[in-house]
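**Q** The following feature annotations were taken from Swiss-Prot:
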SIGNAL    1-33  signal peptide
TOPO_DOM  34-290  topological domain 'Lumenal'
TRANSMEM  291-311  transmembrane segment
TOPO_DOM  312-371  topological domain 'Cytoplasmic'
TRANSMEM  372-392  transmembrane segment
TOPO_DOM  393-405  topological domain 'Lumenal'
TRANSMEM  406-426  transmembrane segment
TOPO_DOM  427-456  topological domain 'Cytoplasmic'
TRANSMEM  457-477  transmembrane segment
TOPO_DOM  478-494  topological domain 'Lumenal'
TRANSMEM  495-515  transmembrane segment
TOPO_DOM  516-553  topological domain 'Cytoplasmic'
TRANSMEM  554-574  transmembrane segment
TOPO_DOM  575-592  topological domain 'Lumenal'
TRANSMEM  593-613  transmembrane segment
TOPO_DOM  614-637  topological domain 'Cytoplasmic'
TRANSMEM  638-658  transmembrane segment
TOPO_DOM  659-665  topological domain 'Lumenal'
TRANSMEM  666-686  transmembrane segment
TOPO_DOM  687-706  topological domain 'Cytoplasmic'
Amino acid sequence: MRVRPKRSVITLMAIVVVMLILRNQFYSSRTRGHGQEPVISSSQKNLYDGWITPNFYRKGDPLELIVNKVESDLTQLPYAYYDLPFTCPPTMHKKPLHLSLNEIIRGDRKWESDYKLKFGEDNPCETLCARKTTKEGMQTLDKLVREGYVVQWLIDDELPAATTFISTTDHKKYYASGFPLGFIDPDTDKTYLHNHVMLVIRFHASDNDKNTIVGFEVYPRSVSDYHCPGASKNYEQYEIVIPEDENELTYLPFTYSVYWREEFEVDWNHRWDYFLNAGELSDEQSIQFHWMSLANSVGIVLSISFITLIIYVRVMYTDKSNSKSPKYMINIEGIETEDDLDDDKYGKYSVYTVAKDWIQNGRPNLFGLKVLILLVSFGVQFLFTIIGSLTISCSMNKLHNVRNSVLTMAILFFVLGAFMASFVGTRLSMVTKTKRTKANYLDDNRYLKDYKKFSPIFTILCGSSLPGIVMVSTFLLNSIVWAHDSTSALPFKTIVFFMSIYFIVCIPLSLFGGIVANNIPLPQYWLSGITKDESNSDGNGLFVPKSRAKFNPLVYCGIYLCGIFPLLVIYVEMQYVYKSLWLEKTTFYYFYGFLFLSIILLCVLTMEISIIGSYLLMRFCFEDKVVRNNWRWKCFEMGFSGGVYMELYSLYYIFAVLNIHGFSSILISICYSLIFNVMCSLGLGALSYLTASWFINKIYHQKVNL
């Protein structure tokens with residue numbers, strides 16, 4: 001017993017180390033800039049009161065343009081910009097930037113570039129390089145242009161290069177992150193390279209010689225030579241021609257021009273507004289649309305809540321006077337008694353007796369029960385991750401780049417969720433062990449000693465299996481991406497980092513959670529409510545007619561129909577998230593508040609459906625031996641079915657909406673959506689099981705205490 005404090009200290013130290021590492025990873029990209037610490041006055045502190053302060057520039061200050069990667073909506077394979085065989089390579093003094101964990105997972109590869117930018121100084125024409133490339137390089141260029149790849153650049157630490165367009169709904173200017181690598185002539189099917197870029201950098205003057213950058217617009221052009229067209233349209237475009245000779249070299253001219261323009265209407269605090277919404281709806285209409293969707297979800301939840309309240313009141317108060325159920329006896333010859341022939345027995349049947357029968361007389365498969373507890377612990381860990389990360393991220397309302405905060409918090413809570421998963425798994429194991437073995441002991445002391453036996457292996461499985469499965473699956477998919485030389489492949493150092501976190505933090509946290517759960521005694525009513533003799537000889541139990549267990553399709557249809565309602569609640573936010581992550585990688589999802597509220601409503605709805613479903617099972621399936629022995633699985637499947645519909649919608653989105661090309665990209669999309677939706681199913685299933693188990697046990701213990 002003396003080693004437990006040491007385990008606790010080691011575990012807490014590991015948690016602190018992980019939090020410090022993730023904190024440094026998160027803020028590392030914030031400290032990169034042009035090398036100057038901004039001097040902020042007291043008035044500017046009030047103006048930029050937030051976690052991130054702007055960089056201030058004076059005329060002539062150097063500004064670094066960061067090149068990153070190229071990516072396409074048609075594939076899941078981004079590539080580093082400087083790894084491409086047709087781009088201008090960096091000079092010797094240009095270095096790669098340190099990447100945070102979020103950027104590595106997103107596939108970023110940031111480098112300093114040779115583009116010369118000085119604040120406030122226009123440059124009408126500048127030659128970057130004449131890139132020498134081979135036939136293979138030209139083939140790669142033609143392939144990427146045909147697959148719709150866009151180039152991702154950055155300035156001022158995190159501000160993306162943007163393509164500008166005017167919305168057809170409100171006629172306002174909007175940005176789409178990145179600019180196309182080239183284009184295809186629809187008439188001739190020829191491809192052209194964007195080898196000239198006109199950079200328009202917009203700045204806002206907040207004070208004398210204190211300027212902030214609020215926009216980075218890129219206007220790409222395809223030019224056949226080294227001259228800069230400017231606003232002229234009278235120039236010859238550069239056609240991508242693949243040479244026939246393997247040894248023939250092609251020289252690609254790259255030029256650029258820079259213009260600085262002052263922006264009076266947009267300040268630094270609102271520079272991301274142009275990237276949001278993408279102009280499909282006006283800002284007011286978009287917010288109204290989400291509020292209407294949220295109102296519909298609230299209406300669904302309130303309707304189900306009303307039904308749940310009626311059931312709860314009827315079970316807990318109205319039926320209390322009728323708690324003594326009729327006796328359904330069977331004689332030796334199998335002839336039913338007069339009580340059994342009551343035509344109205346199903347309508348008058350008491351759920352109290354069914355609850356007692358399920359808990360005391362159910363004969364679940366012990367291995368299946370252990371598997372169920374494992375799945376419930378997985379779901380608890382995922383719920384802890386989603387709700388915890390969104391709660392913290394939504395509180396960061398003054399953090400400009402919320403994407404980094406969500407991903408960082410998700411990783412942190414997923415690691416810390418090992419404690420919650422092992423805690424819940426150990427407690428459930430203690431409860432089910434209590435109900436299963438109490439009748440076998442005549443000595444209460446021996447019984448209490450047995451049910452408190454601690455199983456470290458099972459505890460570690462509860463807390464560490466889900467992170468291990470996700471990690472192994474990710475590494476397997478990573479090998480596919482690595483074979484294509486894509487930047488979305490995790491580097492070896494990152495893989496070692498995740499494995500270290502798993503063995504140093506997840507496993508000790510799992511063990512610690514099980515120890516804590518095992519040292520907390522069960523409530524007294526759990527022990528006092530279970531008699532030493534669990535037979536039905538007192539005449540108050542349920543004697544089910546001897547029948548062969550068989551598959552009941554109506555039960556399964558009803559269970560899996562329960563998943564439609566959760567999909568209706570989360571459907572709109574799923575559309576926006578999928579569009580941001582898959583359909584248009586260049587857009588930003590920013591409705592985290594609506595997403596958080598939708599998830600809360602989803603959880604409430606799942607809990608209510610589990611109560612309604614378990615009540616209906618007790619009312620109409622009390623003679624079903626399969627339901628009696630596996631009621632825990634049925635309650636779990638009620639919530640699990642919601643994730644099944646989410647996965648079906650994900651498959652529809654991948655094949656019908658995304659139009660992804662390539663077997664590898666399709667396989668990666670399907671696998672990642674399957675991993676995520678399985679975890680969603682486990683989370684909803686765990687919530688459904690815990691709620692239904694609480695409801696059934698509350699009925700049972702209330703009956704015992706009558």
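From the backbone N, Cα and C atoms, a Cβ is placed for every residue, glycine too.
Can you tell me where each of these features sits in this structure?
**A** If you average pLDDT over the topological domain 'Lumenal' (34-290) in this model, you get 85.
Tertiary proximity for the transmembrane segment (291-311) is limited to same-chain residues at least six positions away from its ends with a CB under 8 Å from its CB atoms, namely 565, 568-569, 572-573, 594, 597-598, 601, 604-605, 608-609, 611-612, 615.
Same-chain residues lying 6+ beyond the ends of the transmembrane segment (372-392) with a Cβ under 8 Å from its Cβ atoms: 405-406, 409-410, 412-414, 416-418, 420-422, 424-425, 428-429, 432, 461-463, 465-467, 592, 595-596, 599-600, 603, 632-633, 636, 679-680, 682-687, 689-690.
Residues 370, 373-374, 377-378, 381-382, 414-415, 418-419, 421-422, 424-426, 429, 490, 495, 498-499, 502, 506-507, 509-511, 513-515, 668, 671-672, 675, 679, 682 of the same chain lie 6 or more positions beyond the ends of the transmembrane segment (457-477) yet place their CB under 8 Å from a CB of it.
Each residue in the topological domain 'Lumenal' (478-494) gets a DSSP state, and the totals come to 9 helix, 0 strand, 8 coil.
Tertiary neighbourhood of the transmembrane segment (554-574): same-chain residues 289-290, 293, 296-297, 300-301, 304, 591, 594-595, 598-599, 601-602, 605-606, 609, 613, 616-617, 621, 624, 626-627, 634, 637-646, 649, 684, selected by CB-CB distance under 8 Å and a gap of 6+ residues from either end.
Tertiary proximity for the transmembrane segment (593-613) is limited to same-chain residues at least six positions away from its ends with a CB under 8 Å from its CB atoms, namely 290, 293-294, 297-298, 300-301, 304-305, 307-308, 311-312, 383, 386-387, 390-391, 394, 558-559, 562, 565-566, 569-570, 572-573, 577, 634-635, 638-639, 642, 684, 687-689, 691-692, 695.
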**Q** So which residues does the topological domain 'Cytoplasmic' (687-706) touch in its own chain, when a touch means Cβ under 8 Å and the partner is 6 or more beyond its ends?
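**A** Contacts of the topological domain 'Cytoplasmic' (687-706) (Cβ under 8 Å, skipping residues fewer than 6 from its ends): 315-316, 320, 323, 351-353, 355-356, 358-359, 372, 376, 379, 383, 525-526, 528-529, 603, 606-607, 609-611, 613-615, 618, 631-632, 635-640.
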**Q** Excluding the flanking five residues on each side, which residues at least 6 beyond the ends of the topological domain 'Lumenal' (659-665) place their CB within less than 8 Å of a CB in that stretch?
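**A** Same-chain contacts beyond the ends: 74-77, 147, 480-481, 483-484.
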**Q** Across the topological domain 'Lumenal' (659-665), what are the DSSP residue counts per state (helix, strand, coil)?
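**A** Within the topological domain 'Lumenal' (659-665) the tally stands at 3 helix, 0 strand, 4 coil.
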